[in-house]
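Remarks on the structure that follows.
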């Protein structure tokens, strides 16, 4: 169809120059959504047009921006109306502020396109050689001591829903169910009543949280300490508040204190209000409330000096009192693409100075001869970790690889690992350096409730084995008698005999080289890989994964640096299917705002909705 005739038919009686810009943009994006094979220059211009549209909306003020996106969200059925309204009301002002400040064609605008639209190449990393003192002694990782191991517990993503209602409907259209959202969802009327210990469509009831703590105390009575890699708050991202989040955070840490010994915690993206929003210190102090709250909760285990650092940037460094180990807790939310406060006019190289701080702490530990555990919420190789900061952190981890015993993360809800190499161009057994242990979640939304226990060398603090415990929700007695927590698998027992050479010595470390050998087993042995995929999802049956799917999964295990990940999309094609796949993987981070922006490209008819709104507001498409 002729462009001018198309525009006249679509826009009606509005000033012609502006209406022509609006409908031309809509036409271009519609072609992209339909899989039109345009070159990157065309695609880039189309995406710049969309960004200019959103920037123009933001310039009208927060209220216009919020109500417009709420309308698009509801009319495109991205989520139920209350979820659309609530989430965008909370997170919209941060996005609007970012858009008002962003310059079209800037690196920030590219990040916006990648994050919200999914149709741009990831921007080139700003090269920065992180200033670290040289290692003149060329230190090497210590060998295992051979002494009897200690045991360390690791759990993550408990996502406790304080409004979980037994007997309410476990089937709904919202991010989480098991709440009486409507009269038909109430106990006694629900078609699929929620059991007392949780459902796969819901976050954790308090009963499930308590059951896990009791199981840890029973199964690991001799635990040296516990690592908790964050996310206490449930997925009701549309109705959080300071009071709501504060109540659950205080309550959960009090339960941990009563049931467990030392607990080293970290800040999850769901702890903040709004969800994901952690403001860098150079931008403002909007996050001081959550830092103060977490620091106060952690101080009983880490001491007041370390808590004062946590109150400033959400991170801390503390010495384990019964051994030569330092625990460094990173605030990975400052490297997370879902944190919209990071979309500044000029992207911050080192938000809140956390990377420089990490270097200082690691260097002090190296000089003192300490071993170090780094803990955080989001794995540094996660697809949603900004490439720049992941690259810089990878440099730091490489430099201090002889001091860092292991790293521990959560966020993905899955049971897996990532490997750091000193040569990303040729990843081999010989240059694998550090293992990141990504712990499974308690929340049963995508698998069986789980936690891990590590056998650890008491001198080197190397991980000798990793055993996952889980509660089988398919058991006929699960809801009537409560969860039964049992050993799911041991990494050394399961993978040790499969590698070449085999690793079966109880005192031998599960080195990064060992885990690289495990990935080679997965490349050659489809059965072993299929069994890994079942464990990855915590016993949740997965679709068949062969060929490119298997290669991508293995590639991600070898990518503790996000730029090395394998989630590579073909721009301008199969957009709808790809965005659905992204939503399925981002269980802990998918944003209603991201889904709303994505719907403009992914869902047929949504562009017309936006066009009608823009024309009605007479939005001027110019910078």
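The backbone N, Cα and C atoms fix where each Cβ goes, and this holds for glycine too.
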Going by the Zn(2+) 2 site in TrEMBL, where 231, 269, 411 are listed, which of the candidates 304, 363, 377 is also part of it?
377
Can you find which of 413, 416, 516 TrEMBL lists as binding Zn(2+) 1 at the same site as 157, 159, 231?
413
Local Cβ density at residue 157 (Zn(2+) 1 binding site) - other Cβ atoms counted within 10 Å:
28
Are there any residues at least 6 positions away along the chain from residue 84 (disulfide bond) with a Cβ closer than 8 Å to its Cβ? List them or say none.
70, 73, 74, 78, 238, 592, 596
What does DSSP call residue 549 (disulfide bond) in the simple three-state scheme?
helix
Roughly how many Å separate the Cα of residue 377 (Zn(2+) 2 binding site) from that of residue 413 (Zn(2+) 1 binding site), to the nearest whole number?
11
Relative to the Cβ position of residue 172 (disulfide bond), how many further Cβ atoms are located within 10 Å?
20
Mean pLDDT across the domain 'Calcineurin-like phosphoesterase' (150-414), rounded to an integer, is what?
98
Count of other CB atoms lying within 10 Å of the CB belonging to residue 269 (Zn(2+) 2 binding site):
23
By CA distance, which of the recorded positions (157, 177, 178, 231, 549) lies nearest to residue 269 (Zn(2+) 2 binding site)?
231
Fewest other C-beta atoms within 10 angstroms of its own C-beta: which of the disulfide-bonded residues 73, 178, 202, 545, 549 fits that?
549
